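According to TrEMBL, the protein carries these features:
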DOMAIN    152-202  domain 'Inner membrane component'
DOMAIN    389-506  domain 'Sodium/calcium exchanger membrane region'
DOMAIN    611-753  domain 'Sodium/calcium exchanger membrane region'
REGION    1-35  region 'Disordered'
TRANSMEM  155-183  transmembrane segment
TRANSMEM  272-298  transmembrane segment
TRANSMEM  356-375  transmembrane segment
TRANSMEM  387-404  transmembrane segment
TRANSMEM  416-437  transmembrane segment
TRANSMEM  457-479  transmembrane segment
TRANSMEM  491-511  transmembrane segment
TRANSMEM  558-578  transmembrane segment
TRANSMEM  611-630  transmembrane segment
TRANSMEM  675-698  transmembrane segment
TRANSMEM  704-729  transmembrane segment
TRANSMEM  736-756  transmembrane segment
Amino acid sequence: MAHTKHTMSADVESRRRRSTESSEPLWDHDPKGRRCSSQCDRLCVAGAYLEIPDSPSPCTSQYFGHYTPKCLSAHRHSRCTDDVWQEASIRTTLRAENEVEAHKLANNYRFGFRKWKSHVTERPIEDRSDVVKELYSDLNYIKHHSGSLVTVGNVIYVLLFGWWISLFYFLVSLLMFCTIAGIPYGKLCLQLSGYFLWPFGKALQKSISLVKKCCVKFPHCEAIPEVDEIKESSEVKESTPLLRSAPAVTTEIPLTTPPPKQTRYWCRPSTYVWLVLGYPLLAVVHFLAIFLSWILVFTIPVSKMNVRTVSIILLMPPEEVIIRTVKKPQGCETRVLLCCYRAFNWYYYKFTVDGINVFAVNLLPLVIITLVIGYMDKDNYYVSSEVKFATAVSSIIPLSYYIGMGIASISAQSNFAVGAVVNATFGSITEMAFYITALLQGHRAGNKCYAEIVKSALTGTLLGCILFIPGICMIIGGCKHREQRFNSRSAGVSSALLFISIGGVFAPTLFSKAYGNFICEGCNNSPGNTTKPFLCNNCHYDLSENNRPLFLSHIEPLVYTISVLLPSAYLIGLIFTLKTHSHIYDIHISDAHCHVVSDHGAVVHWSRARALVVLILATVLMAACADLSTEHIKPIISNSSVSQYFIGVTVLAMVPELPEIVNGIQFALQNNISLSLEVGSCIAVQVCMLQIPLLILFNAFYDVGFVLIFSDLHLWASIFSVILVNYIFMDGKSDYFQGTALVVVYLILLALYFFAPAPLGC
């Protein structure tokens, strides 16, 4: 036994050395190798795939989350036993900035928890990459800029913003010249007219400082004075170590000619002429430019430029503002009033406001617009039902994001029990809000089509989470990483639960086909026809009217039994993955100290109280938007030539899952395909094991006509998808070709739904 342990340790150490010397993954599934059976081989995958922060840097915090898969070394004569697994385990560290982020990372690997990519705590800007620092710049520094200023984005700025802002400044300058008293502001507006036509490579600076300040460390840098310069000592402190380089010393260089004494700003008549006639007009222009450039997201630098102009520059004395061409700095960054080099930046999709992604911020006013036009214009006098439906469905996207952010914030700041309750309570609230409101709307209208649309949305969510989300993540991740590997053992648990889910959900449908009555309406045969078959229309299994005793005595008890068994299976899956077999994920939170300890504490974007308030408000707004979407969906399903099946499996099923798709893609780009696959599997399992039993429970207390019997198209599409995805997940590897196969199959199924006839009752 001692010899075995020594051999195992040596083998593990050799694998560690090889992993640091080669770029190949740590564990290689070679079916020809003389290793243990596939069970052990499947356990050895997950350790090589970590959740890496956006900007990898040296360790900046003392908190870590440890993700430790149990694995057996490849030894010819070793056996796959639990003892050997424990001895040969290799600990892999998930690096996090602080304890809260470590909890969030750990929750991502827990079964049943919603996967969340965004940070829930503030990240110090000095620890971010240069690209991210540029996103949060206030455009008040002259920086080193390489390359030409004539770029596509800057030319687009001139076409979208520059020409009309410059034109308004020119008109205001004429107005100021006509007032005589506002001539100084007219000159300033004339200069700013040329500036805003092409502001790139130019700087706005203040000219009244009595001194110039420059860095002794960089004596050749271009120094430009700024408002309220920081007061710094010109002497080097004696406490500075002798062997350490002295900090940059700021020296004061008196100006050769002192500026003339000026009248106080608020004592001039020209100031009030400007504030009454000139400033309001330009403020409107700038606010319009701020709104348009912010909505476009990638032109946020234009918005920042206009904000600084309207809030600082236009409120300064005109003689203090100087426009000059920027020379290339030779050492240090210099502060000015305004300096912009680029009007367009692709990386602004990462921009956040108080931890909230900019797209979610921009879509939040759409929720208000939806509620106003939906409840104020009841009779569709001003806005059609189609527009109301589109805005209501689109409003679900930001609300889903806020719900996910709230769940992640509370879970990361709480213990496991609280996080599990929050995830189970609010994890499916988006879909449940739509399903219940649709069933209620159909019950009030006496229309069975709403129940069929709910079933289509349920099936569409399953197909999207089983095929589309893993497929698109494999394609995008495979384009960046040639081959990605994932923990096939954890994927096997999710696959087994998917089989159980599909089998349970569609069991009543199979039962009805075995024992129900097959009804055909409109069968006819021409007289004297002995060779051609009967022509029948609208053939279906009708249990509610023609075979009611079978439904009440057999189908309905079967449905209630399944609604109890499915949540029980989900609970057993939680116990299996989080308690008895936690080594599949094996997540630990510890206070392992690093060589470099960050001085920045964990500052959460949303406290638990704030996150709870946001969750409640987002849930209420979600219910209101879902009610409006189901209320105004009737013209869509009655007047559209597209099948109601297609509307359900696409728009109503996938729109609420857009934040999850984005999270999965981000995980895949960071070579963490395991979490990308878990995103879809987690949602699909929750649909079958939680959402559908909840709908059955709701129907039991308030009969809205929801019967758990699906059409043949739903049945076979779901079964085929689960079989296909389990076949692809068997080897624990993924690439863009496998992802393409999943997406193509998904599109084929969508084509079937697109050309399918309308469901019964629509």
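From the backbone N, Cα and C atoms, a Cβ is placed for every residue, glycine too.
TrEMBL labels come from automatic prediction, so no person has curated them.
Source: prediction; values computed, not measured.
Cβ atoms under 8 Å from those of the transmembrane segment (272-298) belong to residues 153, 160-161, 164-165, 168-169, 172, 175-176, 179, 181-182, 185, 189, 306-307, 309-310, 314-315, 344-346, 348-349, 351, 358-359, 362 of the same chain, restricted to positions at least 6 beyond its ends. If one looks beyond the transmembrane segment (155-183) by at least 6 residues along the same chain, the residues whose Cβ comes under 8 Å of a Cβ in the stretch are 189-190, 192-194, 196-199, 269-270, 273-274, 277-278, 281-282, 285-286, 289, 292-293, 299, 302, 343-344.
Contact count against the transmembrane segment (387-404) (Cβ pairs under 8 Å) is highest for 611-630, out of 558-578, 611-630, 675-698, 736-756.
By the Cβ criterion (distance under 8 Å, sequence gap of 6 or more), the transmembrane segment (611-630) is not counted as touching the transmembrane segment (736-756), fewer than 3 such pairs being found.
Contacts between the transmembrane segment (491-511) and the transmembrane segment (675-698): present, as 3 or more C-beta pairs lie under 8 angstroms, all at sequence separation of six or more. Take the transmembrane segment (704-729) and the stretches 416-437, 558-578, 675-698, 736-756: counting Cβ pairs under 8 Å, 736-756 has the most.
When the domain 'Sodium/calcium exchanger membrane region' (611-753) is classified with DSSP, helix, strand and coil residues number 117 helix, 2 strand, 24 coil.
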